[in-house]
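Everything on this sheet refers to the single structure shown next.
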Amino acid sequence: MGSSGFSWKLKDHPKLPKGKTIALIVLDGWGEAKPDKYNCIHVAETPTMDSLKNGAPEKWRLVRAHGKAVGLPTEDDMGNSEVGHNALGAGRIFAQGAKLVDSALETGKIYDGEGFNYIKESFEKGTLHLIGLLSDGGVHSRIDQLQLLLKGASERGAKRIRVHVLTDGRDVLDGSSVGFVETLENDLAKLREKGIDAQIASGGGRMHVTMDRYENDWEVVKRGWDAQVLGEAPHKFKSALEAVKTLRQIPNMSDQYLPPFVIVDDSGKAVGPINDGDAVVTINFRADRMVMLAKALEYADFDKFDRVRVPKIRYAGMLQYDGELKLPSKYLVSPPEIDRTSGEYLVHNGVRTFACSETVKFGHVTFFWNGNRSGYFNAEKEEYVEIPSDSGITFNVQPKMKAVEIAEKARDAILSGKFDQVRVNLPNSDMVGHTGDIEATVVACKAADQAVKIMIDAIEKVGGIYVVTADHGNAEDMVKRNKKGEPLLDKNGQIQILTSHTLEPVPVAIGGPGLTQGVRFRKDVPDGGLANVAATVMNLHGFEAPSDYETTLIEVVDN
């Protein structure tokens, strides 16, 4: 930091010693909800987590993991792993994703930025293509942001606009795609009245078209590329509304899996392939399911599938999706500047750090934890280990995932005596929860619980301390509910499965033989959130947190 007088040195905590080994365990997608048969954490055998919850009441509490507590705009915004780990690591709340985009659109700052001015160069002769998830789910995108961007771009010279829609049904109710398409079609019709050639050009369901993640299945991205860029798809329709309504008639079809379609004119020609000189914006603010498309749009050297034709375009993301890869290189809204994270402070103060997860969450326990920053702060004091995730299958097929392998790596790190903090993420309850497979999610929760035990046992051996928490909810509620909280049924009387994250709070538990007597959770931080965990962990390492961090959750009472 440029300010003179800044020092990384932390003050010693007056009552807590340094040098205890701390296991910092993040259960991904593990919230706290009413016990019922759709709460997989409740249904699963989880003796380790149960013992933490039912043990000393002053050593277990809940914290907020959604909405404003993690920098999102409203209390209706469910948390996610990226903002959750940012908050856990940074110790302060930064405006995130949707909120950054909201403020850039509200102030008009988005239109003064480098990214918008770059794509604007195509407005005169080319087409502006907008690609993204069409829903109000608020996890990956929001339709109202798309509406504002359409308005803003058309007022600033975009004459020909094509929208490539991806239907949701995962973060919102299945079937809601029809209403979202109607809303968008109405807006585009109004633009056409003003002489702007604006229409929907292609579409498909998010899990089948474009929005794959972690390089799990490039075919998904290719299907999108063929429809969006080449204007080719197995299904051709005159309108997107007709497309969605018709494709939803296929047996067992749902919004998230709609096959790719293109919109054609009367002569059967696609209305909106992407050509040389066009501009493309991917409108999602969440990164994980846009990175693969961004690579296909941006990289000259690309071998994941045959792109057939690679148009010379001006491409920008709504945000930069990967800070490590600097991808995309142009973006409409700049990321939060997260500085002085707890990890960086602790390493500067001699805390030797080990971090581990499997591929799907490795970035969360390193890159996102460290304020969207890749690499080590000090390679001599840190070691990060990535265990390869299963690939080519959905996670409900192998719900135990790599929980035991992660726990064993952490156990070895704890017992080695080489590290002061051993930090892990156990992805099971989130990744399997997303599949909507309740039985598999129960198995996943049990596996995560067993992994926690392996690490706590190691902490017992070395006289250390454990901190067990989560980044957001998921597996604790697997059914959609009405306003009264009762399960919603579909037209066949089947329950509607909830595959998304939730708004539930998450646990924080502390313990271990190294925990100083008299340490307990304070009663005066009732609205504590994930960002309060950083100061808490710093205290347990024997340090006071910086003064601008969200306050610690613990106090030391003299017995």
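Glycine residues also receive a Cβ, built from the backbone N, Cα and C atoms like all the rest.
Over in TrEMBL, the protein carries these features:
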- 20-544: domain 'Metalloenzyme' (DOMAIN)
- Asp28, Ser81, Asp471, His472: Mn(2+) 2 binding site (BINDING)
- Ser81: active site, phosphoserine intermediate (ACT_SITE)
- 101-322: domain 'BPG-independent PGAM N-terminal' (DOMAIN)
- His140, Arg170, Asp171, Arg206, Arg213, Arg286, Ala287, Asp288, Arg289, Lys361: substrate binding site (BINDING)
- Asp430, His434, His501: Mn(2+) 1 binding site (BINDING)
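For the substrate site, whose binding residues are given in the record as His140, Arg170, Asp171, Arg206, Arg213, Arg286, Ala287, Asp288, Arg289, Lys361, the maximum C-alpha distance rounds to 21 Å.
The binding-site residues listed here (His140, Arg213, Arg289) include no residue with a Cα within 10 A of the Cα of His434 (Mn(2+) 1 binding site). Least packed by the Cβ count within 10 Å, out of the binding-site residues Asp28, Asp171, Asp430, Asp471, is Asp171.
Checking Cα-Cα distances from Asp430 (Mn(2+) 1 binding site) against the binding-site residues (Asp28, Ser81, Asp171, Arg213, Arg289, His472) with a 10 Å cut-off leaves Asp28, Ser81, His472, in sequence order. If you take the Cα of Arg289 (substrate binding site) and the Cα of Ser81 (Mn(2+) 2 binding site), they are about 13 angstrom apart, rounded to a whole number. Between the alpha carbons (Cα) of Arg213 (substrate binding site) and His501 (Mn(2+) 1 binding site) lies a span of roughly 17 Å.
The two recorded residues His140 (substrate binding site) and Ser81 (Mn(2+) 2 binding site) have their Cα atoms spaced 12 Å from each other.
Here the binding-site residues are His140, His434, His472, His501; the one with the fewest Cβ atoms within 10 Å of its Cβ is His434. The record gives Asp430, His434, His501 for Mn(2+) 1. Within 8 Å of the mean position of their Cβ atoms, the other Cβ atoms in that chain belong to Asp28, Gly29, Ser81, Ser429, Met431, Gly433, His472, Asn474, Ala475, Thr499, Ser500. Cα of Ala287 (substrate binding site) to Cα of Ser81 (Mn(2+) 2 binding site): a distance of 11 Å.
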